[in-house]
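Q: From TrEMBL, for reference:
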TRANSMEM  A:6-24  transmembrane segment
TRANSMEM  A:72-95  transmembrane segment
TRANSMEM  A:107-124  transmembrane segment
DOMAIN    A:128-417  domain 'NADH:quinone oxidoreductase/Mrp antiporter transmembrane'
TRANSMEM  A:130-150  transmembrane segment
TRANSMEM  A:162-182  transmembrane segment
TRANSMEM  A:202-228  transmembrane segment
TRANSMEM  A:240-261  transmembrane segment
TRANSMEM  A:300-318  transmembrane segment
TRANSMEM  A:338-356  transmembrane segment
TRANSMEM  A:368-386  transmembrane segment
TRANSMEM  A:406-427  transmembrane segment
TRANSMEM  A:447-465  transmembrane segment
Amino acid sequence: MNNLIILPILIPLITGVVLIFFTKNIMAQRWISAISALLTIIASFMLAHQVYRNGIQTMDLSNWEAPYGITLVSDMLSALLVLTTSIIAFAALFYSFKSIGEARERFFYYPVVNFLIVGVNGAFTTGDIFNLFVFFEVMLMSSYVLIVLGGTKIQLRESIKYILVNVISSALFVIAVAYLYSVVGTLNMAHISVRLSEIGSAGIITVIAVLFLIVFGLKGAIFPLYFWLPGSYYAPPAPVMALFGALLTKVGVYSITRTYTLFFYHDVGYTHQLLQTLAVMTIIAGVIGALAYTDIKKIIIYNIIVAVGVILFGVSILTPESLTGSIFYLIHDMNIKATLFLLIGIIIVITGTSDLEKISGLINRYPALGWTFFIATAALAGIPPLSGFAGKLMVVRSGFETENYIGAFVVLMSSLLVLFSVMRIFIRGFWGTPRAYKNEERAPVKWLLVAPAILTVFAVLYGFGTEAIYPVISTAAETLANPEIYINAVLKE
Amino acid sequence: MKTNDVILQTVTKFVLFVIILFSIHLFFAGHYYPGGGFIGGLMTSGAIVLLLLAFDIKTVKMILPFDYIKVVAVGLLIAIGTGAGALFFNMPFLTHAYTYAYLPLLGKTSLHTAVLFDTGVFLVVIGVTMTIIQTIGESE
């Protein structure tokens, strides 16, 4: 029993509720949400520290013992993801203070962001498959509000698509959980794993595995289920885009990782082969998109899809090294996607457009912005010693070791093309002759740059500190590779 | 066109109290028998909706001058607060406590912190239902 686990969920929840009372007082809203985001970071850091020191931490809600009640489980992977989420949430909130606009702030922007964090942290932490669904819903409800808040034409159009896709996938989620429950008769994830290994590989289990892949694939944007993502993520303003791009798809990816390592590892020949094929296709589709567009938002959005493919490719190989690589890359990618979205948000604030054809010569006026962007893109592509390198290296190496040559080769090529796609923004947008833009004078560039600059520093530290972080990440991967560790911690047998 | 709804209005004035009393009964039945904050809240909002049908939004706003979104927030605070209270006793989140006490008039009564939690749920349900109905109603 460890009540620290609930704090990264509870703090944003209470904050979100309290903020409803302060809708008119914007300064109070900003202060309260900033302080609570800081507290969440501290709590999740302490949690991660404890998990690293003492192993997996669990907590049975309402004191109902597992497997009967709902158990929250914090293993190294979930603790790290919760910590990353809290940091990104703080950055996005800080960025919002000067960019989101008073109209949105008055209409529950901060409460809803807090509820979104509740959903994301909850989904990362829960050890109960139905509770996972509930936290998915909390997260999705908040994202519906965030995507439509502001009510511009494009937002209304995209939110209809977004809600439709997610309502359908939520329905499928419940159906999948019901299937699983009818087979194993339990909802506790550790307990499900025990029961499934008693059954071994049966046809119905494979069907359920694929159903779960469809459900989480829709949220996590894998090929061919990513069709809704480029349009929907394009609509909301930059900080919301950063939250969506960094967190929402990653919850889908996390859920695939969790279910495909904890539940469905019995018929690897089918399920993980399928996952691998889809992951490779996802990378290819993402790269094509990233190269095809000259709109900076679209380029970064398609890069989300590439990253999802890379992470899932590592998961599908299912060796300790590939899992370590995937986790390395997952955390790196959450951080760097948030950074990039916030940075292009600044470019859009300055220039008033996201069309690369209409932007040039920014580096003359904004050298700090230019170089931060440069470092972030280099980190995204995985240039050593920055943060994307170690993860991708391990994924590719284990791909070659297990003789998945095509996949590993695609991952390698993708990093080159990803670098090209984002360098294009740098070369076209920052080099060239400077232009005058309409809203330039009013843009609070310095303030806005703080949050992405801090995240970029994290990316650099994460890259340089690979050696120091490695044991933490490999602990996380060890739990994934050996489900018994997770099961024993939850059921205490 | 103004419809004559004397009968509806007169009946509502009486029935309203019956519904609300029954919803309170359901609310307290909650923990051991069918009932609870959710159903009680729905029934109370049903009573308010009846009031809305018989009279109009302005009258109801005059009788019940609440900002229903704030009602939701208060309800959530009570519910979360009950759950978080367990943290101070170093018990898992949402753990409840109960005891039996002899109260005047009621005799042996079970006192349960779940009632506090249910009060939160009760307010949330009323707040959400009324917010939805008011938002739809006002646009007409």
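Using N, Cα and C of the backbone, Cβ positions are placed for all residues, glycine too.
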Q: Apart from its near flanks, which chain residues at least 6 from the ends of the transmembrane segment (A:162-182) lie with a Cβ under 8 angstroms of it?
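A: Here the qualifying positions are 129-130, 133, 136-137, 140, 143-144, 147, 192, 204, 207-208, 211-212, 214-215, 218-219, 228, 232.
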Q: Would you kindly list the residues that approach the transmembrane segment (A:72-95) from elsewhere in its chain, counting only those six or more residues past its ends and only Cβ-Cβ distances under 8 Å?
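A: Same-chain residues near the transmembrane segment (A:72-95) but 6 or more away: 2, 5-6, 8, 12, 33-34, 37-38, 40-41, 43-45, 47-48, 51-52, 56-59, 61, 110, 113, 117, 120-121, 124-127, 189-190, 238-240, 242-243, 246-247, 250, 254, 257, 327, 330-331, 334-335, 338, 342, 345, 448, 450-452, 454-455, 458, 472-473, 475-477, 479-480, 485-486, 489-490.
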Q: Return yes if the transmembrane segment (A:406-427) and the transmembrane segment (A:240-261) have at least 3 CB pairs under 8 Å (sequence gap of 6 or more), otherwise no.
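A: Touching, no - the transmembrane segment (A:406-427) and the transmembrane segment (A:240-261) miss the threshold of 3 or more Cβ pairs under 8 Å.
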Q: Tally Cβ pairs under 8 Å between the transmembrane segment (A:300-318) and each listed stretch (A:240-261, A:338-356, A:368-386, A:447-465), then give the stretch with the top tally.
A: A:240-261
